[in-house]
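Asks: Feature table excerpt (Swiss-Prot):
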- Gly610, Pro611, Asn612, Met613, Gly614, Gly615, Lys616, Ser617: ATP binding site (BINDING)
Amino acid sequence: MQDISNHTPMIQQYLKIKSQYQDILLFYRMGDFYELFFDDAKKAAELLDITLTARGKSNGESIPMAGVPYHAAEAYIAKIVKKGLSIAICEQTGDPNTSKGPVERQVTRIITPATVSEEAFLDNNQDSILVSIFEKNNKYYLAYTSYTQGKIYLVKTLTSLNELKNTVLKLSPQEIITNSRELAQQNPFKKPIKALEEWYYSNFEAKKYINDSLDTNIANNILNLYKNDKLTTIGSILSYLTNILKDTPRHITDISYEQEQDTLNIDINSRINLELDNNSKSSLLSIIGKCKTSLGSRLLKRYFSNPTRNLNILATRHSIINSLGENQHFLKIQDVLSYISDIERIISRVALGTVKPKDLVALRDSLEQLPILKKLLSEKNTPEITNINNRIHQLDELVTLLDKAIIENPPTTIRDGGVIKEGFDKELDELKSIKDNSYDFLIKFEELQKQKTGISTLKVGYNRVHGYYIELSKQHADKIPTEYVRRQTLKASERYITEELKNFEDKVLSSKEKALAREKLIYDTLLKKVIEYYKQIQETAASIAEIDVLANFAERAIKLKLSQPKFNNLAKLELKEVRHLAIEHNIDEPFIPNDTLLSKDTNTLQIITGPNMGGKSTYMRQVAQLIFLAYIGSFVPASYADICDIDTIYTRIGASDDISSGRSTFMVEMTETAYILNNASAKSLVIMDEIGRGTSTFDGLALAKACAEKFAQIGAFTLFATHYFELTELAKQYPNVCNIHFEAKEYKDNIYFMHKAVTGAAKKSYGIQVAKLAGISQDVLESAKQNLYNLEKKQQLTESTQVQAQFQLEPTTQNPLQQKLDAIDINTITPLEALNILFELKKR
């Protein structure tokens, strides 16, 4: 630590505390403000758009300073946290009246992007995820916590950086911690990440924090169930939370292991390509996700992150969707759900000590809806719905307690009181009555003093600095009674106090202090009572989320005309009248649906040709989106869907330069293609859109053919769109390859797209007609037509087009004469040998 002896005592204190939190902003409490100094002040001024000032000098230099009001700090902190930064809150813990030198201060809380619970800091519809990555021997052990959910999840051991990146980005964490400084420095995730000290990833410390933080039975089970490396990863989260909270994270009550083999895997590029869950209005999530509660919205996002292949789970979801869809019963349920607040996060705030009085009112109002919800669910007497209903706890006793205790519209915090309802506590009511009755006393006292002095302008008042006073103008100085003691002198008046008024003041102020202390005690006792229901409320919240998602699926099924998918073990994917929901939603004319059939018994690879804008990309995407929807338990946009076991969806759709890594569009395309080729299996769905465009025609065609052949050999269900018509010949070479194309019609030099998939290969690409639609000028179009004529008839425009025209899909063999000539070593051959070879070649 640098020498700080030349600084003022207060700045010395600040620098000592700041040295422990060098990488985060320090909010240093001074009176009614949080102040920031030096580099923190400069950074905060820029981030928060607040004034950067200076606080005198220390060590001979001006001290940069910026600050935010204590009462408004939450809004400023929210801005910082949402930018991925962390904050240390340093409060005054000493008594200013007894302190010698600077008031004692301590960091009471650290706020990081993933460890916040206050409503202002959180996205209601998204989990707050903290990921821990433990790197050891080129393996990655990963765990994560949904902070306000009170759970830790273990993920399977990962063996490659690419696999790690896909897993982490799928979770979309707010914050990442790791033991690897190299990983933190590289940050391939582009998320807030920090490398922690080694002890956070000590197996000994991990077991200690597991025992200290978790219920004894849970801790023992975890210690017996998992090996050291997984325990280390769990322990790193618990130790980090303990350090952040400055307390044991008792709200963590569950640790579970995610079974990777039960999920449909989709890498991050494919998620982006398919527009599954990004923030755009055309994403699948924005169309499917119409949940009524934040609880349901977050659960739906978890479904999107981890689609399940467990057919029992899917059958249960489908059964509930059908039941709720009968007579549109979901409408009644959704109406009740719309009145239920985020009780999962509210009870977490109670456990973490960040709950606000209004949260308790919201909790009460939400719990009041549970009897109605349970009655509606009981009307659908199916085992699946009954199971959910049994996990919704009707907490009438807690509702009654909160209703009696908290006023209807409480203040933001308990700090100044005014939260507890009159009649709840007799002692508190008595203390408040002293203050409430003070007005009557002051009116009578003022009237008595006016009579006593004969001064009609005499006033009795109060301010926070000087307390109660009697105010008289200076012109009445000769009428001041002897018992009046001067308290304050103003420009035109004097303020006095009497012994009677002083006694009243002491009594009132004492009652205020006692009432506030009593109210805080009642409030704390109330919170302890509420926390007794923690597990029941968490379980209730989870069940409400589940029924919200499934009611949403039922509503979407009717609104969007979705049908229930079937699942088979016959290696067959049969889809009829499939639609693309986003496009259907955004166009005025009717959407043209298409059928898809892929089967191990017929064909597994479709070569798809046809004009741009003809519907090839839409066709491929809608198949992938349908399978995805089926595996989250939703109904699907098709009149019929029979789906086999698909374990992974891969897509290669579009590309752009990766400038930061120095990679061209073609390099990005080839990297993604290599990943798919190396990982695809017979249980994969592969979407390949126009591969080989970023290089020469010859190279592109060769690569596209080789990739298509590989997918045919693997047996992966593959939709392969291409402009290389030569690839349609593959259907003659491979029995599991077929051709389909999208038709277009020409009429009076215009083109009309049919958007219908038809068996066979396309005969034209209609590129010039599409260019016309795009607005290319007529002179350029005429020139293009002439060029096309030359290419098709003369094939002499350029050397490369000659090569393309002559290019055959079959492998070429070298001429035997050429082989013989290549084998001759002209440096060692004799003239006689040369004549003999020439004679032999001539005979051939």
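Count begins at 1; order follows the chain as displayed.
Using the three backbone atoms N, Cα and C, a Cβ is placed for every residue, glycine included.
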Asks: Any same-chain residues 6+ apart from Gly615 (ATP binding site) with CB under 8 Å of its CB? Would you list them in sequence order, or say none?
Replies: Ile592, Asn594, Phe742, Phe753, His755, Lys756, Ala757
Asks: Gly610, Pro611, Gly614: which of these binding-site residues has the highest Cβ count within 10 Å of its own Cβ?
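Replies: Buried the deepest by this measure is Gly610.
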Asks: Please work out the number of neighbouring Cβ atoms within 10 Å of the Cβ of Met613 (ATP binding site), leaving out its own Cβ.
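Replies: Taking every protein chain into account, the count is 18.
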Asks: Relative to the mean position of the Cβ atoms of Gly610, Pro611, Asn612, Met613, Gly614, Gly615, Lys616, Ser617, the recorded ATP site, which additional same-chain residues have Cβ within 8 Å?
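Replies: Result: Phe742, Phe753.
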Asks: Taking the Cβ of Ser617 (ATP binding site) as the centre, count every other Cβ atom within 10 Å, in any protein chain shown.
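Replies: Taking every protein chain into account, the count is 20.
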Asks: By the count of other Cβ atoms within 10 Å, pick out the sparsest of the binding-site residues Asn612, Lys616.
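Replies: Result for the binding-site residues Asn612, Lys616: minimum number of other Cβ atoms within 10 Å at Asn612.
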